[in-house]
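Before any comments, here is the structure.
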Amino acid sequence: MPDRSTKATMGAEDIHERKVSMEPRDSHQDAQPRGMFQNIKFFVLCHSILQLAQLMISGYLKSSISTVEKRFGLSSQTSGLLAAFNEVGNISLILFVSYFGSRVHRPRMIGCGAILVAVAGLLMALPHFISEPYRYDHSSPDRSQDFEASLCLPTTMAPASALSNDSCSSRTETKHLTMVGIMFTAQTLLGIGGVPIQPFGISYIDDFAHHSNSPLYLGILFAITMMGPGLAYGLGSLMLRLYVDIDRMPEGGINLTTKDPRWVGAWWLGFLISAGLVVLAASPYFFFPREMPKEKYELHFRQKVLAGGASIGSKGEELSSQHEPLKKQAGLPQIAPDLTVVQFIKVFPRVLLRTLRHPIFLLVVLSQVCTSSMVAGTATFLPKFLERQFSITASFANLLLGCLTIPLAIVGIVVGGVLVKRLHLSPMQCSALCLLGSLLCLLLSLPLFFIGCSTHHIAGITQDLGAQPGPSLFPGCSEPCSCQSDDFNPVCDTSAYVEYTTPCHAGCTGRVVQEALDKSQVFYTNCSCVAGNGTISAGSCESACSRLVLPFILLISLGAAVASITHTPSFMLILRGVKKEDKTLAVGMQFMLLRVLAWMPSPVIHGSAIDTTCVHWALTCGRRAVCRYYDHDLLRNRFIGLQFFFKSGSLVCFALVLAILRQQSREASTKATVKSSDLQEL
């Protein structure tokens, strides 16, 4: 929003343009187009691409969260904190952006913020290049991976550990902390860089677009931007099919498939691609002027659309006024831009207290906090949940979210906006629609408690076998073996449907590779823990109920769609529930509360809940690292239970809002009746 001096300058320019328009001008001169950097339509195109790329780079981490955990040995609590850390930088600067928004060169600030986002993306990929190649077992660097290191060998023949305890404590742990520190720094920079992009871009469009075209431009912008998270999951699905060290593959290749639980995809490659897109999208912003000529004409498309109704001008004004809340939602309006910093600090507490005392505002924001907490946890950990619960690959889990869940959520947002506009819903009707959407979302989540796969038998972990790793039929079958406790090379006894953490723990002494046209299959032989010293296959046991992932994700997606319907009506409740002079602050407070109470803590809460269901942790240098196995039933109950808790909170808040609005309506009706009777008596 321009300040007073800017408005005065623009007003003078408008008067000058009206004077010039009275003079005859050459028709050829009129036909000459303005430069593309003086065209608001080109700015809309550039900003749509930039916000799309920004959401891709910020959402990509969520698509590869389980892969990053495996690569760097992180718990879900730590990875959740990492995913939420970009909110720290964002929150720390958003108030300054709101206050000084009209005092800076907005396009250049957007460009600088985008460059910082790209730098953050490069930093996120940096740990891959400065770390050692990924070793998916504990073989020594000079040995062939996945061979003798995991076999049952006598103590005298066992391969030595690759790292001593001294080197582990002094070198490996330092490198681990360095990698994690780099990623947390990158997430902070990602949040800081994203601060000016959306607010400055939308305010710039609204300032220099024709008042009737502005809602259309912003609608196009939001429609394109909403595809960003879906593309991020799609990109994650593609990248995680590639091996993490695709740029430095070992000479002998690898003996892993994407279905192997030790598989780590090329998580870093998506950050490089997204960062490159952000740099390309940021380049034009350094050539846009601080102020461009105001768009003077309405689009012919809009004229045709609105021709059948009221006059174009009135329709355009109506749409502009209805879209004004969307501008405020993005943090566009500056908080008291005509006040000095000292005056702003004096006024702020009084207005803040007045807004917080409003019951409708408080309840709607609390409901949005619950919904946002549910969304933040789902977006961060649902791919990992699907991987573990249904034994599917990370690539397929991301594909399901990107192609089904996110598109249906976008449809829900659009449907909610259309219902509010077409039906001209009152505040009470908006609250009823929100209540209905929350109720349907809650009901759709009930079957999720019963759709899932139980943890299959894992020798020594999910079976009550005392101290012995082998089945109870063969006690002590792997005692002669010198098995490393922290090794992980899962194998499956398909006859008994029992999984072992390594061939060594199954007592296997031999290894056979069967070559095929498309892939090779590895088997381990002479296994003392298997009936008849039989043969077992490499890899985890396949789940017998993986097919249930489709009805599960369908219910999740339908729930996301009906929950998204409440987005626009709940926002309208905030705008219509506070005083006109407090709307800007109310929207700003809503924005801050959602980030502080939902988007920051929710991934950490969900990650902590997931960690409590772990039954076997990997150990790195004596510390607890990534979880190898979960109790699937407990994981499902706690993850879905947490979602159910937040959905219930949202439902209760909307029910209270509807009850308050009905009470206010009855009181207003009673007052009107009393006033009417008093007038009749007079």
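Quick reminder: no glycine exception, Cβ is built from N, Cα and C everywhere.
Features reported for this protein in Swiss-Prot:
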type	residues	note
REGION	1-30	region 'Disordered'
COMPBIAS	13-30	compositional bias 'Basic and acidic residues'
MOD_RES	Ser21	phosphoserine
TRANSMEM	42-61	transmembrane segment
TRANSMEM	81-101	transmembrane segment
TRANSMEM	108-132	transmembrane segment
CARBOHYD	Asn165	N-linked glycosylation site
TRANSMEM	177-206	transmembrane segment
TRANSMEM	226-246	transmembrane segment
CARBOHYD	Asn255	N-linked glycosylation site
TRANSMEM	265-289	transmembrane segment
MOD_RES	Ser311	phosphoserine
MOD_RES	Ser314	phosphoserine
TRANSMEM	355-376	transmembrane segment
TRANSMEM	397-420	transmembrane segment
TRANSMEM	425-448	transmembrane segment
DOMAIN	471-531	domain 'Kazal-like'
DISULFID	Cys477-Cys508	disulfide bond
DISULFID	Cys483-Cys504	disulfide bond
DISULFID	Cys492-Cys529	disulfide bond
CARBOHYD	Asn526	N-linked glycosylation site
CARBOHYD	Asn533	N-linked glycosylation site
TRANSMEM	553-575	transmembrane segment
TRANSMEM	585-610	transmembrane segment
TRANSMEM	644-661	transmembrane segment
Counts by DSSP class (helix H/G/I, strand E/B, coil) across the domain 'Kazal-like' (471-531): 4 helix, 16 strand, 41 coil
When distances run from the Cα of Cys529 (disulfide bond) to each of the disulfide-bonded residues Cys477, Cys483, Cys504, Cys508, the nearest one: Cys477
Set of same-chain residues at least 6 away whose C-beta sits under 8 angstroms from Asn533 (N-linked glycosylation site): Asn526, Cys527
The transmembrane segment (355-376) touching the transmembrane segment (265-289) per 3+ Cβ pairs under 8 Å rule: no
Pairwise Cα distance for Cys504 (disulfide bond)/Cys477 (disulfide bond) [Å, integer]: 10
Cys483 (disulfide bond) and Cys477 (disulfide bond), distance between Cα atoms, whole Å: 12
When distances run from the Cα of Cys483 (disulfide bond) to each of the recorded positions Asn255, Cys492, Cys508, the nearest one: Cys508
Residues that sit under 8 angstroms from Cys492 (disulfide bond) by C-beta distance, when 6+ apart in the chain: Val498, Glu499, Tyr500, Ile536, Ser537, Gly539, Ser540, Cys541, Glu542
The transmembrane segment (355-376) and the transmembrane segment (585-610) contact flag, 3+ Cβ pairs under 8 angstroms: yes
Any contact, the transmembrane segment (585-610) to the transmembrane segment (553-575), with at least 3 Cβ pairs under 8 A: yes
Cβ pairs under 8 Å between the transmembrane segment (425-448) and the transmembrane segment (108-132), at least three: no
Reduced DSSP assignment, Asn255 (N-linked glycosylation site): coil
Asn255, Asn526 as glycosylation sites, winner by CB count within 10 A: Asn255
Local Cβ density at Cys508 (disulfide bond) - other Cβ atoms counted within 10 Å: 28
Rounded Cα separation (Å) that holds between Cys508 (disulfide bond) and Asn255 (N-linked glycosylation site): 18
Segment-segment contact (the transmembrane segment (177-206); the transmembrane segment (42-61)) at 3 or more Cβ pairs under 8 Å: yes
